[in-house]
């Protein structure tokens, strides 16, 4: 017998709930939430769409198109949250500051937030934004898992070397609270590992359904 990852079915049936410009517009602060963060063009929306097998998150050629906290329902207790992207140049500074204020309020005060998935473009990892998110997560005691996205853009050997290098840097600077993996949305690389992390944070790790082995 083999175990089916319990989060898989929930992700496949996920639906859009609402968008929030401010924390007081978010759903009730109960249950389990996992948030997805990343600089613009880090592949966040593509990763989220691949994990949910749907076009839930808006993808765009214009960096920073996601301007709101977008909530997606997995079941009555569990949600995924697509956070605004950062690093774009075409957005007015006052609007950036507005997003940053409310993002910080969400990250710092959300009791149902159980973990943070941080997307880094494997070709440009550890940007200033990434370092800020790492500092915040460790200081807040928030579990973080990093997806080194667009791993298909490098050879496997080069991707593996980057993974080991970034992993070593993170352990030295931030300890073992942060985990990391390779990920590619087009190649569907790293899905099972990411699902396992989500299941653990959402307390589904021991609820796998047994399936006949193929």
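Residue 1 is the first one shown; counting continues down the chain.
For all residues, glycine too, the Cβ spot is worked out from N, Cα and C.
According to Swiss-Prot:
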BINDING   38-45, 64-68, 82-85, 149-152, 182-185  GTP binding site
BINDING   45, 66  Mg(2+) binding site
DOMAIN    30-204  domain 'EngB-type G'
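Secondary structure at residue 38 (GTP binding site), as computed by DSSP, is strand. For the pair residue 45 (Mg(2+) binding site) and residue 38 (GTP binding site), the C-alpha distance works out to 9 angstrom. Taking the binding-site residues 42, 185 in turn and counting surrounding C-beta atoms within 10 angstroms, the largest count is reached at 42. When averaged over the domain 'EngB-type G' (30-204), pLDDT in the model lands at 88.
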